[in-house]
Number of protein chains: 2
Amino acid sequence: MGDLLERLRARGWRMTSQRRVVAEVLTGEHVHLTADEVHARAAERLPEIARATVYNTLGELVALGEVVELSTDGRAKRYDPNAHRSHQHLVCTGCGAIRDVRPTGDPLAALPDAERYGFAVSKADVTYRGLCPDCATA
Amino acid sequence: MGDLLERLRARGWRMTSQRRVVAEVLTGEHVHLTADEVHARAAERLPEIARATVYNTLGELVALGEVVELSTDGRAKRYDPNAHRSHQHLVCTGCGAIRDVRPTGDPLAALPDAERYGFAVSKADVTYRGLCPDCATA
DNA sequence: ATCCTACAATGGACGAAGTCCAAGTCAAGA
DNA sequence: TCTTGACTTGGACTTCGTCCATTGTAGGAT
């Protein structure tokens, strides 16, 4: 994780202060931030960073496979820096909290050929939903 | 399926021409329309129907469990009238086409208790992704 | 160390998707 | 048929994201 900046440089990324800050914000906390949250945290260190730059940088990180984009709720997309360990997501139906989870087996295996309709199926994104402990008692 | 209007009436729905048209548009074609597409099709029969009415009606149908809301791509939500037969979705990464699919087993069973973090997990939404036959050859 | 230039950042306008609300309309029970 | 509360309308507004012309700069070349 800590060598994200190394990997990016090795891939020919031009290293700007803006990109560095965005990458650091993402890897600093293992939570699932929205683009605006990333922008807010980045702006604490680099006050004049533009929203468009954050969007661009996030898009590049996603394209490079360093970050996973989630749209669990039809609202703002969230960015998950935990891209190198395959996992799924558990979302609270009350407060929207998100946890990374690792189900057993390969979710793809549950889809028989007869249900693939000729698609070259390459991945399965699973969103488990339910009330988190805090919301259950509240 | 055809008795959706019956069920709605039985639940105390006030039956207006707008609601009838929206319900008919959804059940008429077994595809996954966006709210704007539903509005466009409804407007063919009822030209002055408001967008807000379509949104309201779709929201009510979802709340009643008659329709399932999908946000597979972070763009416009889609509405799936096939709510009474449990299924998942297969989405083309090229063109966005969506098919209903039925994996084997219960996706929830793949999430061990140790991975539930105290959540009362109640459902699992699975999105399989891959290229459809048309996009694969193009 | 300095220069060049292609790549990156800026910021403000724009667009898509969806929500809100005050005023008008109407379904259906009395 | 009358009444009334639920429903619809349409336009303003919000949120999330994209676009683009201009300005800035990282990093290789000299």
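Going from the start of the chain as shown, residues are counted 1 onward.
Positions of Cβ are set from backbone N, Cα and C atoms, glycine also.
Here is what TrEMBL says about this protein:
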BINDING   A:Cys92, A:Cys95, A:Cys132, A:Cys135  Zn(2+) binding site
| task | Counting other Cβ atoms within 10 Å, pick out the least crowded of the binding-site residues A:Cys92, A:Cys132. | result | A:Cys92
| remark: Counting other CB atoms within 10 Å of each candidate's CB, the least crowded of the binding-site residues A:Cys95, A:Cys135 is A:Cys95
| query | Which binding-site residues (A:Cys92, A:Cys95, A:Cys135) come close to chain B, taking a Cβ gap under 8 Å as close? | reply | A:Cys92
| task | Reduce the DSSP letter at A:Cys132 (Zn(2+) binding site) to three states and note it down. | result | coil
